[in-house]
Amino acid sequence: MSGGSGWERIRSTRGGRLSRETSLTGRTARTVRLGRVQPQAPGYRTIFCNDREANLPVRFKGNSISTTKYNFLTFLPKGLFEQFRRVANCYFLLISILSMTPISPVNPVTNVVPLSLVLFVSLIKEAFEDWKRLQNDMVINNNPVDVLHDQVWETIPWKKLQVGDIVRIKQDGFFPADLLFLASTNADGVCYIETSNLDGETNLKIRKAVERTWDYLTPEKAVEFKGEVQCEQPNNSLYTFTGNLIIENQTLPLSPNQLLLRGCSLRNTEYIVGAVIFTGHETKVMMNSMNVPSKRSTLERKLDKLILALFGTLFGMCLVGAIGSGIFISSDYYYLELQRGVGLEFNPSSRFSVAILTLFTLITLYSTIIPISLYVSIEMIKFIQCAQFINKDLHMYHVETNTPALARTSNLNEELGQVEYIFSDKTGTLTRNLMEFFKCSIGGEVYGTGFTEIERGGAQRMGAKIQEAQRSPHAVHEKGFNFDDSRIMRGAWRNESNPDVCKEFFRCLAICHTVLTEGDESPDKITYQAASPDEAALVTAAKNFGFFFYRRTPTMIYVRESHVEKMGNITDVPYEILNVLEFNSTRKRQSVVCRYADGRLVLYCKGADTVIYERLADGNNELKKITREHLEQFGSAGLRTLCLAYKDLNPETYESWNEKFIQAKSSLRDREKKLDEVAELIEKDLILIGATAIEDKLQEGVPACIETLAKAGIKIWVLTGDKMETAINIAYACNLINNDMKQFIISSETDAIREVEEKGDQVEIARFMKEVVKEELKRCLEEAQHSMCTVSGPKLTLVIDGKCLMYALDPSLRVMLLNLSLNCSSVVCCRVSPLQKAQVTSLVKKGARKITLSIGDGANDVSMIQAAHIGVGISGMEGMQAVMASDFAIAQFRFLTDLLLVHGRWSYLRICKVITYFFYKNLTFTLTQFWFTFHTGFSGQRFYDDWFQSLYNVIFTALPVIIVGLFDKDVSAALSKKYPELYKEGIKNMFFKWRVVWTWAFFSVYQSLVFYHFVTISGTSGKNLSGRMFGLWDVSTMAFTCVVITVNLRLLMMCNSITRWHYISVGGSILAWFVFILIYSLLRENVYYVIYVLMGTFYFYLTIILVPIVALLGDFIYQGVERWFFPYDYQVVQEMHRNDPEDNSRAGLLEIGNRLTPQEERSYAIAQLPRELSKHTGFAFDSPGYESFFAAQLGVHAPQKAWDVARRASMRGKPKPSKKH
């Protein structure tokens, strides 16, 4: 059955009859979302292997893929639709249409050309990106693959592959579609695959073909294969697959172990043979290849409000003009000849029509109030910020893994400067995810010496000293194993009081796993490929205890056991693996049923303490109690714990259970659920062996990073699946919690709750838990509010576990939870599921309306990453799922300091300046036209030439604002991190408040009045060389010159750092105006020779000097008063460090440079080149402690600022520090 269609083919295997049911109408809607299992179409698909004709009526999808957004026919309509989703572009389209009507005072070309240019550039960008996608698709679709045809392997491109084809994949080749694994050159029908393209994990995974198909390896045998596959519909669940293979009236169950997914590659296997199950866009990897959810920054949404405010202003100005024209128009003005044959727009007898038509006229005339180049400029700035500054910052480059920072989207740069809440995973994010076997408890006895980082940190807080135990001279420390205890090493366990329990403990470690081996079968050279670092650490521990797992086949595990029968005796022991009950997030345990050589049947089980304790046999309470105490000790030390148990099985009982297991495994519907239910039947009455404790060390710099972020006003929440004790101790070690804080702990591990749970009534448990959680929340909230009322109350922290959180997130309690959480400086949620992580993130994001950031490294963090405003992925040990779903990717948690406090803060400041400056320069320009309207009888006469108006935003003021958006910074990176409190200005949105906007608006009104009235007054009294008065185009050209000069100089006044690029862009923009007008006035009739006439007069030069000075005088005074009496925090820091010498920060990066490869050193050197070009600090890689405000102090020329005037006298006597070279 083709995915999404209603075609269904069902073959009756018992009667041998084939019935085909076809429905052409039943199309099933499908929604694909990353990280969520997609609803399947009803029924299942039936595939006839090696029989294209039988599959033809079903119309399975082809194997060709397309990742492009457009095709030849849809590019223009779809591309234009994307562009006109922006309100501003719709506005400019309306203006362009109005400008083509007779009521327009401007030439339509001047509006249509800029809009067309913006749309053309955007469409070219879209086309270029889509062309790259198309080329990539063509390369993939034309990859060769061997397909069985007439008893020979024929090479065809991937795109011609069809469902049911038999294919051969060679070593290191990629699977072209989702394949059913039939046969392999390896023994026992096994192959090894690498799934790094799928999930980033580089460890090899084992796949095993059904034994019945092992012989179909050669083309002669494969051509005989005529099996029928009944399987699930295409879906995006990577780790599940249910189906049956029907061959010669025999039904064989299929599982994910027989499925080879597209995108994976074959390793350590000469070749395999498989049958195509899913093709093209129906393969699991393609159904997962959804883009990260589109996110818009908060600042961009506020920009929409500003645009709406400008719309309101525009409408108000037009309304004033329209009303004025309706009042002004009169037949009394006989010299206007309005009595005879005038159009409706000037007819005195229809004042209302005059007002309406004037309204539309003025809308086209004042259209420049909204800048057409704003969005393009912001997009360009953000893209360069990501590509050049964030991605190439050596402070965020991780040398050990050769991993730079990566900005996967440029939409959220400024959002990084306003984050108030960080939601962090623990394992692999705060910790290294490099697991080391550290301690264990066997039969009620603790083994292992030494102290964890967390224990040392705890002792340091208490003021106690730790007496480190002397390590044994024979202690072993390798990757995954940091254990020292002579009582059980090198066979000494035989002398313990419980040697049999020790033996079961070690065998459980050596047998109960899914680890694969690579390399020589010797302890020193073997490599373990494990699904998780924990599992590799446990197998490594078994090896060091003398139970060396060295080989695996699909049905056997081989262990080299030392000192079992007697000291020094080494024996290779085979164990037959009968069943593997795999680990998943629901079961939280893994079991293996194995048969010893002597016929003994044993179930070994390892898992979380909560699930193992529920399944232990009655009795032996003392051991359970002691082991639970040991587990709490390990948790307090920040160690990750697992419980180990076993059970001897009766052969008859096992055979009865195995039948149910095979039946469940063959089920097409709810297979996972049925397997879990069957597993419950055998995973009970277990005997406790002991517990393991694995250390996951903190990442370098995590405590310091968290402390810095806390000073910046950012609240950090840890959301982890670990137990409460471990989570709390990690929080202590990270400086999230300290002894001065008041802790609120809401836990389900209380006697009252356990008592209710033991009764087993689920309804009563839910009711009781909800009531308890409600009471706890109410109590904690009252205490928190009381504490907040006191002047010197302690900081608060909340710790809550997953069970309680489930009830706290209930709609009736979530407001109480949110209020309590917002009053706490840190929150720790433990034992939480991936869904709960996302729910908590959404609670703060939507409930508190605060900017949130989620950071994680694993697949279980994807939903949390996508739920937050900003998602950050750690490219760590758990694959790349988190990175693929994130907006930004970094290698270490500590790099958040640079990402937020440096790049985030700078981006926020720069974008705020860009937006407010655009607002200012366009409002100033449009208001001069508005004032002119009052002197023209509100007729809609234009003040400026059409091309002046059109090129104002595109050429004469475009480049300088982009330079500010790229290079401006208030303080250096080093000072940004030294004074993290500066970040609070972004959280409070200090630089894009309405107060800031109204301040700019006030000075726009002031400057526009200066431009208009000063120039027009001088125009009335001024005369050109021929003695004539200045005309309209003389005055408007002079006014436009003043506007261009003033707004460009005003940009320099708002800069905190000035580079040569500022001078070049500002000077170039002013020069561009003069070059343009000198040429244009020779070509255009209405302004013919105007500039040459003006430049021959004294008035012109006096005006372009004095008018900008008067216009900028208000800004000059305002900035000076603000800096002296109402400074921002960054201005205070600037004053504190104004005399710091220049330092190019190379010493701080020297150590990094010394450890780079020659190629990396070359890249590093190239990255440094731009910094050599500038004497100022406008580049992303800054020179700490040197601010361009006081560049003159260091012997570098810099323009005087408003605040320098009052200080000039006091500065004269100070010697200038020598400049470094």
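Any Cβ shown, glycine's included, is placed from N, Cα and C.
What TrEMBL records for 1-24 is region 'Disordered'. The annotation domain 'P-type ATPase A' is assigned in TrEMBL to 143-203. The active site, 4-aspartylphosphate intermediate annotation in TrEMBL covers Asp425. Here TrEMBL flags Asp425, Lys426, Thr427, Glu535, Phe583, Lys606, Arg640, Thr720, Gly721, Asp722, Arg831, Lys837, Asn860, Asp861 as ATP binding site.
Features per TrEMBL, on structure.
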residue	record	Cβ contacts under 8 Å, 6 or more apart
Asp425	active site, 4-aspartylphosphate intermediate	Val718, Leu719, Thr720, Lys837, Ile855, Gly856, Asp857, Gly858, Asn860, Asp861, Met864
Thr427	ATP binding site	Asn433, Arg640, Asp696, Thr720, Gly721, Asp722, Asp857, Gly858
Phe583	ATP binding site	Arg589, Gln590, Gly607
Arg831	ATP binding site	Gly721, Asp722, Lys723, Met724, Asp801, Gly802, Lys803
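When DSSP labels each residue, the domain 'P-type ATPase A' (143-203) comes out as 10 helix, 30 strand, 21 coil, counted as helix, strand and coil in that order.
Within the set Asp425, Lys426, Thr427, Glu535, Phe583, Lys606, Arg640, Thr720, Gly721, Asp722, Arg831, Lys837, Asn860, Asp861 that the record links to ATP, no two Cα atoms are more than 26 Å apart, and one pair reaches that distance.
Other Cβ atoms within 10 Å of the Cβ of Asn860 (ATP binding site) number 21 in total over all chains. With the fewest other Cβ atoms inside 10 Å of its Cβ, the least crowded of the binding-site residues Arg640, Gly721 in this structure is Arg640.
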